[in-house]
Amino acid sequence: MAQHFSLAACDVVGFDLDHTLCRYNLPESAPLIYNSFAQFLVKEKGYDKELLNVTPEDWDFCCKGLALDLEDGNFLKLANNGTVLRASHGTKMMTPEVLAEAYGKKEWKHFLSDTGMACRSGKYYFYDNYFDLPGALLCARVVDYLTKLNNGQKTFDFWKDIVAAIQHNYKMSAFKENCGIYFPEIKRDPGRYLHSCPESVKKWLRQLKNAGKILLLITSSHSDYCRLLCEYILGNDFTDLFDIVITNALKPGFFSHLPSQRPFRTLENDEEQEALPSLDKPGWYSQGNAVHLYELLKKMTGKPEPKVVYFGDSMHSDIFPARHYSNWETVLILEELRGDEGTRSQRPEESEPLEKKGKYEGPKAKPLNTSSKKWGSFFIDSVLGLENTEDSLVYTWSCKRISTYSTIAIPSIEAIAELPLDYKFTRFSSSNSKTAGYYPNPPLVLSSDETLISK
């Protein structure tokens with residue numbers, strides 16, 4: 001494989017929407033998502049009202065890359081070899097002694113090969129994107145509540161209630177029906193929760209188009225919500241930028257399912273219509289599969305093997321399946337790289353103008369892309385040494401997957417928008433260093449020789 005990657009060499013450029021093309025104002029969107037789910041649990045499922053009270057300190061629990069064991073209510077941070085680096089029961093962190101007794105140096109019981117771990121399971125859930133993270137905090141607090149209520153409850157069955165809360169707020173008809181809390185609030189004040197695309201990104205998209213690239217938008221959001229987001233961040237003429245728009249794509253199934261399992265559907269007034277036996281022309285579609293899409297891309301490019309690159313923020317839904325099943329180039333949007341900037345420049349005493357405050361001004365969430373005091377770095381952690389030996393640093397499982405399945409990782413699309421299209425990025429590969437594919441810089445914890453604070 002070539003050591004470098006260039007957009008100029010790609011025939012097709014595809015994008016995820018949420019947290020990729022559309023960046024959210026995380027200190028506002030995270031409490032909104034949390035509240036959307038918590039209100040449902042309290043009002044519809046009879047959970048304690050205390051779940052609705054969140055302090056700024058509570059948000060430190062949120063860290064991408066955690067696994068929740070749905071049966072025992074434990075959250076786990078995994079090393080690249082599947083051993084447990086840190087763990088909590090609900091929000092309560094385990095001491096090194098309790099951790100050693102519970103997990104030792106063994107592989108976590110559900111740890112499989114990367115392929116197997118990529119799939120959701122009835123036994124665990126991985127938190128790998130910013131839509132999910134507020135749910136991690138909520139689940140942890142539910143475990144705290146149930147443990148206290150039932151005198152040290154050991155096994156749990158709350159997940160079905162979380163799924164019901166997600167369905168209530170995000171189901172296909174929720175946007176149109178103003179159902180739940182999330183969509184009505186985004187509609188009421190999009191500027192509070194969304195960042196408009198910078199002019200540099202809009203210009204870059206047009207530059208790609210003018211260079212003859214086919215542009216795709218593939219999102220699991222439904223068509224009505226997708227339209228609201230794109231009109232806000234890109235303008236009312238956003239459809240001119242994309243040759244093909246695919247909504248309700250149900251990733252990762254879009255990449256992993258057979259065409260017969262997940263056909264494309266046309267849309268009429270945001271309602272899904274009949275299934276299509278194949279994809280014959282550009283346009284706006286719902287659901288679908290990567291196999292039929294690639295057949296159309298062959299026709300559109302006149303090439304037997306058009307080269308596709310896909311930008312996304314979720315390892316589970318975007319990066320792993322696009323690389324593993326479709327063999328596309330993949331660009332991971334990793335806001336944790338922005339967190340490095342934040343540690344240098346953030347001024348917590350700055351507050352928002354009063355006129356920007358609204359219905360959900362509750363305590364601000366810490367920037368979710370900054371390092372958690374409870375969980376440490378997303379990329380690396382220390383393992384306690386045995387007697388008279390030093391602690392050793394290990395890569396996390398999440399960090400390993402970045403270098404395994406991403407072509408490159410960037411903090412945002414804006415970070416590359418002013419580069420020439422033929423710019424040669426150094427890609428992740430087994431022949432390069434572990435940090436080669438991070439642009440513009442690797443995470444501070446991977447590029448410095450500083451010893452991490454021990455657990």
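Cβ atoms are placed via backbone N, Cα and C, with glycine included.
Binding of Mg(2+) is attributed by Swiss-Prot to Asp16, Asp18, and the same site annotation extends, among Asp270, Asp280, Asp313, to Asp313. From Lys123, Lys171, Lys176, Lys424, the position flagged in Swiss-Prot as N6-acetyllysine is Lys171. In this structure the C-alpha atoms belonging to Lys171 (N6-acetyllysine) and Asp16 (Mg(2+) binding site) are separated by 19 Å. Applying an 8 A CB threshold to same-chain residues 6+ apart, the list for Asp18 (Mg(2+) binding site) reads Tyr24, Phe131, Thr219, Ser221, Leu229, Asp313.
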